[in-house]
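Encoded as structure tokens, the structure appears first; notes follow it.
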Amino acid sequence: MVWFQCDDCGENLKKPRLPRHMSMCTATKFSCIDCGNMFGQVSVHYHNQCITEAEKYGPMVRSNGESSKQKHDFDINAELFNSQWFCSLCNATMTCEQDYFAHVYGKKHQEKANEVADMDYSKQQSEHPAVDKNNLTQQPDLDIYVGLSNDYPWFCSLCDINATSEQTLLAHANGKKHRVKVERFDAEQQKRQSTQHSTVDKKDYSKQQIEVDINVGLSNCYPWFCSLCNVKATCQQNLLSHANGRKHRENVELFDATQQQQLEKTTVDKKDTTVNASDGNSEQKKVDLLVSSGVANGYSQAHKKRKLETCDETWKREVVQAEEAKGGGEQKSESKKAKKQDKEKKRKKDKKQTKSDSDFEHDKEDIKQLLVAYSKEELVNLIYKTAEKGSRLISAILESADRDIAQRNIFVRGFGWDTTQENLKTAFESYGEIEECSVVMDKDTGRGKGYGFVMFKTRKGAREALKRPEKRMYNRIVVCNLASEKPGKAGKEQDMAEPVNIDLTKMANQSEAVLPGIELGRGHVLEKMHHQQQQTMDMFGQNMPFYGYSHQFPGFDPMYGALSGNQMLAGLPNYGMFGSGMMTNQGSMLPPPNHLGMAGQYFGDGEQAWHQR
């Protein structure tokens, strides 16, 4: 079988594998491993001369010395004769091909072949002298993997080639074409790096030479403009881009140059003035010398006098300028001090005037007489108009309002009988600091009556609590009002009713117990009639709510309890203990809505219903 090597990827191939390899690789030439001849894609199929040698020896060494599969440091076929099975190194003959190859790959033959290779290497070194490694310019190793993909799909971006597997891609990377392109790529990169370094060095050198403040003449806020170039911009970014331009930089350089020249001139002038002021006598001597030289040269005396006068005048002017320059700073400081003193004097005068005005005060009795003539509404309007924020009048009004307990004390009603002072305090602490908190208790039962008082430390807390008078407290609706405020007169008139003559004889058909006529005031029941009334009310399944807890029998209807608490039959009077108003409807079977609602709401606890009306 003939063996070929691909010129592009360097892979060793048998003849039947050539068509498949051609479809995968872009190689156009193949070399025979035995004879070393080059063939194209078509002529390869007609090469059949090396069939016997390839079948005998397998893939042999190419003419340029590269092996196909294994690369040995020495030639194991050294000193072998192909005609006979004989080894000249070991001086041994073999009878067949198998013995021949077994001897060639043996240890003894390999050791002798290594010795021969070492001898040849020493001869080459003796013929060619050693070269210093330091003088050599070592070429950098090429990175063959440049342009190769790490994952599927396998391709080479440098050569623009696709591969079916990773092995074929690596074989392509070892080929000549890929190596040439990698060398070109490395050379281009080195050129780019060198040019970049040169440009960076030039830029740094230019920056070191000239350091210009680009922000000179730029506005810090809207409107955006450049005073040096007399240019306007729509935004800050456009202004900064203008500052980086060439024209603006040139104008900034000119501005800096003019400033430096002015500074140099001022320094030179100062030096000249100091020298002229200190060395005035020397200048006079120079003038005398000039005059004598002029006389020697034949100038007229009048001309000489003019020169002397001009020199004296200039010298005097320079001396005066130097003195003014020295004393200018002192004069400015003195003028500032004088201005400050004048301002202080004016302030003192104003204070004296205000003191004199304050000394003139009216008598308090006169003010009282004036205020008596005003009504309450007029006084309120006058104070409201004259008072201003931060004034003493407002502060005095607020302090007096905070001291007044009536402005800070709140009356709370509607909570349960089991509420304590701690519960009430925690419910109202969110509005402000509390000074006192009390719950009104019943002396007989020792339970709360359902109302209490909360006193805040400041008026602000009370105001915040009264913004919403109705609040939810422990699943109950609580009503808040100022303690000084009382219910309206209409309610009082209804509450202050005359005693009612209660007669329960009409209920004899329903109960055997008969109550004698007794006059009862509002909210009072005689202890003697407690047992008799309880017997009459037990038939309806409910005790009187005033006496505390009630008992319900199975199948009880709350409507009957509501009727028993107010009026059961036509003509019966109202007891006046379950509501604030009196009943006048003698012919109706149902009580008014307010009494019906109270009885139905507090059916389980009559005493609590009494306090929650």
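Every residue gets a Cβ built from N, Cα and C, even glycine.
What you see is a predicted model, and the numbers here were worked out from it, not measured in a lab.
If you look up Swiss-Prot, you'll see C6, C9, H21, C25 marked as Zn(2+) 1 binding site. The Zn(2+) 2 binding site feature in Swiss-Prot is assigned to C32, C35, H47, C50. Positions annotated as compositional bias 'Basic and acidic residues' by Swiss-Prot: 322-344. Taken from Swiss-Prot, the feature domain 'RRM' applies to 408-485, supported by sequence analysis. According to Swiss-Prot, the zinc finger annotation covers 1-26, 27-51, 85-115, 154-184, 224-254.
Contact count against the zinc finger (1-26) (Cβ pairs under 8 Å) is highest for 154-184, out of 85-115, 154-184, 224-254. Figure note: comparing Cβ neighbours within 10 Å for the binding-site residues C9, C25, C32, the maximum is reached by C9. Ranked by Cβ neighbours within 10 A across all protein chains shown, the binding-site residues C6, C35 are led by C6. Other than C6, C9, H21, C25, the residues of this chain whose Cβ falls within 8 Å of the Cβ centroid of the Zn(2+) 1 site are, in sequence order, D8, G10, E11, L13, M22, M24, A27, T168, A171, H172. C9 (Zn(2+) 1 binding site) is 21 Å away from H47 (Zn(2+) 2 binding site) when you measure Cα to Cα.
Between the alpha carbons (Cα) of C25 (Zn(2+) 1 binding site) and C32 (Zn(2+) 2 binding site) lies a span of roughly 18 Å. Annotation for H21 (Zn(2+) 1 binding site): spatial neighbours C6, E11, L13, A27, criterion Cβ-Cβ under 8 Å with sequence separation of six or more.
Cα of C35 (Zn(2+) 2 binding site) to Cα of C9 (Zn(2+) 1 binding site): a span of 19 Å. Per-residue pLDDT, averaged over the zinc finger (1-26), rounds to 78. For the recorded site, H21 (Zn(2+) 1 binding site), the DSSP three-state label reads helix. Cα of C32 (Zn(2+) 2 binding site) to Cα of C9 (Zn(2+) 1 binding site): a span of 15 Å.
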